Amino acid sequence: MRIGVYPGSFDPVTNGHMDIVERSVGLFDRLIVAVAKNAQKKPLFSVEERVEILKNVLKKYPNIVVDTFDGLTVTYALQQGAIAIVRGLRAFSDFENEFIFALTNKKLAPDLETVYLMTRAEYSFISSTTVKEVASFKGSLSGMVPEIVAQKIQDKYGYGK
């Protein structure tokens with residue numbers, strides 16, 4: 001079985017994340033969308049909330065599993081029997097950081113590949129940080145996140161449609 005791991009904080013999941021999922025799901029028999037537990041970040045949504053949101057927006061994909069992990073992504077991927085880690089790239093600046101991570105992962109796990117997918121142009125400006133900033137000023141999240149995610153963000157920030 002070909003297993004891929006798409007790790008991230010997904011705080012919140014964006015249309016850019018969804019684009020990468022939708023394009024990578026067919027590359028593997030099973031795709032694990034792995035929510036990182038990062039104690040150093042102050043998340044908008046708890047890990048449990050992010051898992052619930054992801055399960056909701058990804059329910060139409062029978063070969064996707066949503067899970068959580070802490071520690072090194074490469075260790076988690078190996079524990080899951082993955083053949084690859086999936087990463088999305090928005091800009092050259094993303095590649096620079098991802099390149100270092102991929103080289104480190106290759107050193108730690110020589111048989112584990114890193115698969116990069118370029119985010120579609122219409123999503124290249126979207127990041128979870130940008131979404132949270134727009135939401136903090138009660139701006140429209142249309143086109144940035146799935147509708148159910150927009151509603152949950154608006155609930156967190158105390159404003160409606």
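The backbone N, Cα and C atoms fix where each Cβ goes, glycine too.
Going by Swiss-Prot, these are the annotated features:
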type    : residues                                                                   : note
BINDING : S9, F10, H17, G88, L89, R90, E98, Y123, S124, F125, I126, S127, S128, T129 : ATP binding site
BINDING : S9, K41, T73, R87                                                          : substrate binding site
SITE    : H17                                                                        : site 'Transition state stabilizer'
For ATP, whose listed binding residues are S9, F10, H17, G88, L89, R90, E98, Y123, S124, F125, I126, S127, S128, T129, the greatest C-alpha pairwise distance in Å: 18
Among S9, T73, S128, the one of these binding-site residues whose Cβ has the fewest neighbouring Cβ atoms within 10 Å: S9
Binding-site residues (L89, I126), the one with most neighbouring Cβ atoms at 10 Å: I126
Listed binding-site residues among S9, E98, S124, I126, S128 whose Cα sits within 10 Å of R87 (substrate binding site): E98
Spatial neighbour of T73 (substrate binding site) that is closest, considering only the binding-site residues S9, H17, L89, I126 and their CA atoms: S9
Integer Cα-Cα distance in angstrom, S9 (ATP binding site) to K41 (substrate binding site): 9
Minimum Cα separation from K41 (substrate binding site), reported as the residue among binding-site residues L89, E98, I126, S128 that achieves it: S128
Three-state secondary structure, S124 (ATP binding site) (per DSSP): coil
All-chain count of other Cβ atoms within 10 Å of S124 (ATP binding site): 16
Site with most surrounding Cβ atoms, counting all protein chains shown within 10 Å, from the binding-site residues H17, K41, R87: H17
Coarse DSSP state, helix versus strand versus coil, of K41 (substrate binding site): coil
Packing count at E98 (ATP binding site) (other Cβ atoms within 10 Å of its Cβ): 16
